[in-house]
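Participant: Got a structure for you, written out below as structure tokens; questions coming shortly.
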């Protein structure tokens, strides 16, 4: 039975679990640290410093992560990433009063996890054939949303029943277990598992080229081979490519909207709508579960359109990216209009769900146009996404502070209109840019 199970399915499953665990960690840290900090009487500014430190480390390591995955191999770099942040949690005590130690620890975790996504995309570029690419990447990245939902559900109970420090140990244990499994089961793809595609058709263009049944695969297309590690990376061509900039801009917009929603939606419920998160129960998880569902739906639709040759790769990426971002834009701009918990949950679920659907466009496109440099392009793109989170979260705080000064509280609709209008407008302009400049053809 197991001998007939394709190894690439195991690789994709393990990468899915890795993203799920990492987002359990991110949500878990926020909940555990906040509980410990509140109990210790730590100021809001100190809490903000600790919570934001992760993103600075995360942003700094995206491009180096892509470079390392290109030179050393995504499989090894991903393992190193998990081992590093797991050991950090295992040995660093959760002491909110030791600010310097917490900043350094959180910075290290951010740097370590910054290597993760470029490594994952480098691994998937080697293992996954074009007709499975969209749903494989969508499944892997959907682990983020399932992990966020699981963290919201489980971690508060762990804090209440055990302690905030126990959350650290539990997350370190999860990371260690995954690392052991990855070390034992992950490998470079053998000849029989290398992705195959036809060329020149526009349908499922090359991930790796095979010109006839007996020609050897070029060494640079395999993880850990010689050419990959010695050939100069075309940085100038990469940064001068409009299709790559289309990916980068859409990644920026996606994460701007996502991080604003993740960080400020609870405040909108509590202060904008005067609702209690405790009374909402599991409803507050619905937007993230919707992202998980729509992310995988987008991958299945994309692969179906490409495999059945209903649309070219280019048309498929543009269709899903545009439809996802446009619907998300409308939902984001309409969100402040809804003044009930049900309306707000439905609207935010539509916004986040269709944003996730759009990932079947821009988030997979770098593997279409630059499979050989997938990790590097992902690193550049994810750096923009992380910077979007830093800018968006900080800007939203300033907008709300100004609105509170103008309207005396945040329950006024006008206090929130600009908060959700900005990512809504960004979605429109980003989708237009993707329509104009993206392609599904291999250009590197």
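Cβ coordinates are placed from backbone N, Cα and C, and glycine is handled just like the others.
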Participant: Which stretch, out of 38-59, 104-125, 192-213, is listed as transmembrane segment by TrEMBL?
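Facilitator: In TrEMBL, residues 104-125 carry the label transmembrane segment.
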Participant: Could you name the stretch, out of 76-92, 319-337, 343-362, 374-395, 415-437, with the greatest number of CB pairs under 8 A to the transmembrane segment (104-125)?
Facilitator: 76-92
Participant: Name the range, of those listed as 76-92, 165-186, 242-265, 285-307, 415-437, that has the largest tally of Cβ pairs under 8 Å with the transmembrane segment (343-362).
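Facilitator: Out of the listed stretches, 285-307 contacts the transmembrane segment (343-362) most.
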Participant: For the transmembrane segment (415-437), find every same-chain residue at least 6 residues outside the stretch whose CB is under 8 Å from a CB in it, and list them.
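Facilitator: For the transmembrane segment (415-437), the list is 242-243, 245-247, 249-250, 252-253, 256-257, 260, 264, 268, 272, 317-318, 321-322, 325-326, 328-330, 332-333, 335-336, 355, 358, 361-362, 392, 395-396, 399-400, 403-404, 406-407, 409.
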Participant: Within the same chain, where does the transmembrane segment (76-92) have neighbours whose Cβ lies under 8 angstroms from its own Cβ atoms, ignoring anything closer than 6 residues to its ends? I mean 6 or more beyond.
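Facilitator: Those are 15, 18, 25, 65, 68-69, 101-102, 105, 108-109, 111-113, 115-116, 118-120, 122-123, 168-169, 171-172, 174-176, 178-179, 182-183, 186, in sequence order.
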Participant: Quick test of the contact rule: Cβ under 8 Å, at least six residues beyond the ends. What residues does that give for the transmembrane segment (374-395)?
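Facilitator: Long-range Cβ neighbours of the transmembrane segment (374-395): 52, 55-56, 58-59, 62-67, 69-70, 74, 114, 117-119, 121-122, 124-125, 233, 238-239, 244, 247-249, 251-260, 263-264, 366-367, 422-423.
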